[in-house]
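Here is what TrEMBL says about this protein:
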- 55-110: region 'Disordered' (REGION)
- 264-328: domain 'PAS' (DOMAIN)
- 378-427: region 'Disordered' (REGION)
- 391-402: compositional bias 'Polar residues' (COMPBIAS)
- 415-427: compositional bias 'Polar residues' (COMPBIAS)
- 532-873: domain 'PDEase' (DOMAIN)
- 608, 609, 610, 611, 612, 649, 779, 831: AMP binding site (BINDING)
- 608: active site, proton donor (ACT_SITE)
- 612, 648, 649, 779: Zn(2+) 1 binding site (BINDING)
- 649: Zn(2+) 2 binding site (BINDING)
């Protein structure tokens, strides 16, 4: 049963035909005629062999029995298409491109780190000496998988086809060497650049049961990736190809995407260096070559220790860096490097460890840019920019054009004025106009900063200019230090807590007035108040012997003093710091002042009472005792800090600023909804102090000293207002932490505390930042106290917030912190949110300055406690009894 043969014409006019009827017989022939010579067989050694198309698509292939009618349909459509084409290497596409299988040959989305890639249908090249069941099996397997497939019959055509198509998978027949040498074909393909990402499969003959299986090493040495034991089953071939696709091919596809990353690195303006875990240089980009004066070949494979070092770094800087990055931490700072020419240049360096094989650190990525503070750096930076953006006369026009494209259209004033007023010239004029606007004679500091940025934009590459545009947008906003909070559904505990503490409310409801009474005549128990510190009852005196320790238990003092801890702790602390002597007032006056201040704290508040004030006073005194804090501040600063800690929450109503603003309280109206409570605490404290000579501790100091002291106290109390929290922390980090860290790592610095604190004393603004940070940390130090104290404080603040929520609901006010509902609130979650959002960064910064290892250890332990409770879905303060062990 036959059909018409398929007639083809080769490049040289050779006519050849193949019978459409298929047979599995090895004696089946294709007849080729040239002139009067008849040649039998596919691989003939005559002059006509060069004219035989050696890469074919199987148009007349007999489908396997399971193929059904669809295969016949493919044959018919394929045959027609084949006859319409001129047969040459790779010119005839595989049948899998027809409509019958195009649905399967779809693209695939692949994620490589942060990159999202599109993988197109896999291409397969079959290299077989002859058509047989095995080649048929792989052909139909490609069809089933939706792969594009080509077949090559000779080594030459296989190489030609691969160089044209770059197939991902190559299957080479390695069963019989009399037709061609499969290993030589593999080596010739491997010698080409595209084969780096290709998987090559060797089809080897099946071994009998009594034969020992041969080693795969010769195949691997030849360049093969896998071997496939002869099996003509379409399913077996399909399974093999699909496994290769999802294994090696997918991995090679991801590796191929790295070319895009390396292209980005090659064009990056920052110098990039990648080293191994042993600090052997693996990669440097062109920017690194330009900066250091080396070429790639001089660096790759060398250890960093082989390169000359600058003698301007401190002796132990490299050891410190290595210690840091070996722990998997990122290091950044200023470092001196020596160029090939011998010059030392100062660099901003950021080193990031990268985890690789075995889950261990396998690479270190260093980003380096010039730190233009000395003349050498500035001159080098200038030359570097000129080389990069202008080039020399030998450069081609195309190179110059590329350089110009990376800049603004034009920033030359003469050229701008000579151009027509089209869109691009108007865009160019914008920067000059902005610079003129910001160069007015009356300038604030922020205006000067904007002027500098505008000037820098004039001659910057377009990427830098666009980045500076974004910087200007940020600088023109009002809240420079306040973070942008996430949406409410991210973490309701954090959102409610932050919203309640950092907002002033400002939602007014008519008819609601919240007035709280002054506590001027609040009565306490009749425990006798001592005339002097030496008259303190023994039980209290014994407790106070431990007041210099961070683990001092303020609640025990609260109990033995009948909720009057502030007077007794105040007398002891003020005596230790010589407050009476500084103020030139008697101890009796100081005692009377402490009494009146404590009387105006509300003992009915669960949290904001005189015990909290005493706790903040204790923390402030503890901080003042730290060497670096003490060396940075004057005696006046110490006295101001202790007084500010004592009065910082006097007459607190147990409600937040947001509540008072929403309720339209008298105080909110008086202070224009801005820092309402903090303003009230300071104003009332000074009113009470100056009201009667008996407790006026300021009566004997001169006017100038009083004004200085008063301003310092007011500034510190206002710093406890949470809407400015991030502003204070960020200013402290940028003005205190970072300069001190740079000074300590500087090769010219001995790194002594005395030198650092002396520099701080020379800048009063820095002393102000330290005092603000100190009282802020003292005010919210509860998470850094021993666990039992931390738990007690957490319960007290939660109860106060519960009471506020209850009152808001009763009065119909907006509920400021909905999560603080006593029926549903998880106290552990609220503590975790508070620590994460407010405490961790602030105490990291304060610890870096004051060195507070005990506090940081308590903070870590307490956080672990709250996390354990939260993981157990426990809303209470302590672990259930069954979990205590």
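Keep in mind that glycine also has a Cβ here, set from the backbone N, Cα and C atoms.
Unlike curated records, TrEMBL annotations are generated automatically.
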* Asked: Of 608, 612, the binding-site residues given in the record, which has the fewest other CB atoms within 10 A of its CB?
  -> 608
* Structure fact -> Counting other CB atoms within 10 Å of each candidate's CB, the least crowded of the binding-site residues 609, 610, 831 is 609
* Write down the Cα-Cα distance for residue 648 (Zn(2+) 1 binding site) and residue 831 (AMP binding site), rounded and given in Å. => 23
* Structure fact -> The correct DSSP tally for the domain 'PAS' (264-328) reads 28 helix, 13 strand, 24 coil
* For the domain 'PAS' (264-328), mean pLDDT (0 to 100) -> 87
* Neighbours of residue 648 (Zn(2+) 1 binding site) among the binding-site residues 609, 611, 779 (Cα to Cα, within 10 Å) -> 779
* Asked: Which number gives the other C-beta atoms within 10 angstroms of the C-beta of residue 779 (AMP binding site), all protein chains shown included?
  -> 22
* To do: Express in Å, rounded to the nearest integer, the largest CA to CA distance found among the AMP-binding residues 608, 609, 610, 611, 612, 649, 779, 831 named in the record.
  => 22
* Asked: For the recorded Zn(2+) 1 site formed by 612, 648, 649, 779, which further same-chain residues have Cβ atoms within 8 Å of the site's Cβ center?
  -> 608, 613, 616, 645, 652, 720
* Taking each of the binding-site residues 611, 648, 649 in turn and counting other Cβ atoms within 10 Å of its Cβ, which one has the fewest? -> 649
